Amino acid sequence: MVFHRLSRLGSRIVKELPRERHLSMCGKRILQRSYGQYLQSSPMLQRQTRSFKEALFSNNHKFCTSFSTTSEKGGEKTEKINVTFVDKDGEEIHIKVPVGMNILEAAHENDIELEGACEGSLACSTCHVIVMDTKYYNKLEEPTDEENDMLDLAFGLTATSRLGCQVIAKPELDGVRLAIPSATRNFAVDGFVPKPH
C-alpha cells in the first residue's frame, strides 16, 4: 500500500515538473505543500498513511532530487571519447562514444559486429571484448562476480577480457583499443550473424 502511494507521488511529481533544463528540489515542505493531497487516505488507511507521512517527513529524512533534461539536440554537446575496435581480420574501426554509454550499445550504433545476444543483461558472453592495453584495463572498475561468471564461458578468454555491456565509456578511457574475438559461443554454425536488437 505504501509503495503504491509512493509511486503515485513520484509519477505526479514527474508530470508536474516544469520544462526547464535543470531543476533541483529539496526539503519536506515542497512535498507537504504540493503533494500532500496524494498522501491523504480514506479513514480505513489513516493509520498507515500517518506512519508513511512520519517516515517521509521526519526531521531525520530529507527528500532531495535533481534532474537534467539537456541533450545533444538541445544545443549542448555530450562529451565523447575515441574508441578503436579491432575486428578478427585486424581491421581497425574508429568511433566516438558518448561518456556514460556502454561499449555494446556503441558498437551496435556504429554497425560493429559485436553480438550481445542477451541485450546487456549479463546472461551471455557474446559481447566479449579484449582490452588491448593494460593501462586502459587498469582504469576500468573491477568486474563483478556475475560478469566473471559469464566471462568464464567466453571464447578466447584473456587476462584483459571484459564484457562490452559492462564497460562504460568515461573520459579516462579516451583512446582505448578493443579487440573483438574471432568467435563467440552463441553464433550459429552456418555463419548467420544476428542483427543487433
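Cβ coordinates are placed from backbone N, Cα and C, and glycine is handled just like the others.
Residues or ranges marked as [2Fe-2S] cluster binding site in Swiss-Prot (evidence: sequence analysis): Cys118, Cys124, Cys127, Cys165. Summarising the environment of Cys124 ([2Fe-2S] cluster binding site), the number of other Cβ atoms within 10 Å of its Cβ, over all protein chains shown, is 21.
With helix defined as DSSP H, G or I and strand as E or B, the domain '2Fe-2S ferredoxin-type' (81-184) counts 24 helix, 26 strand, 54 coil. Positions annotated as domain '2Fe-2S ferredoxin-type' by Swiss-Prot, on the basis of sequence analysis: 81-184.
What Swiss-Prot lists as transit peptide is 1-74.
Each of the binding-site residues Cys118, Cys127, Cys165 was scored by other CB atoms within 10 A of its CB, and the lowest score goes to Cys118.
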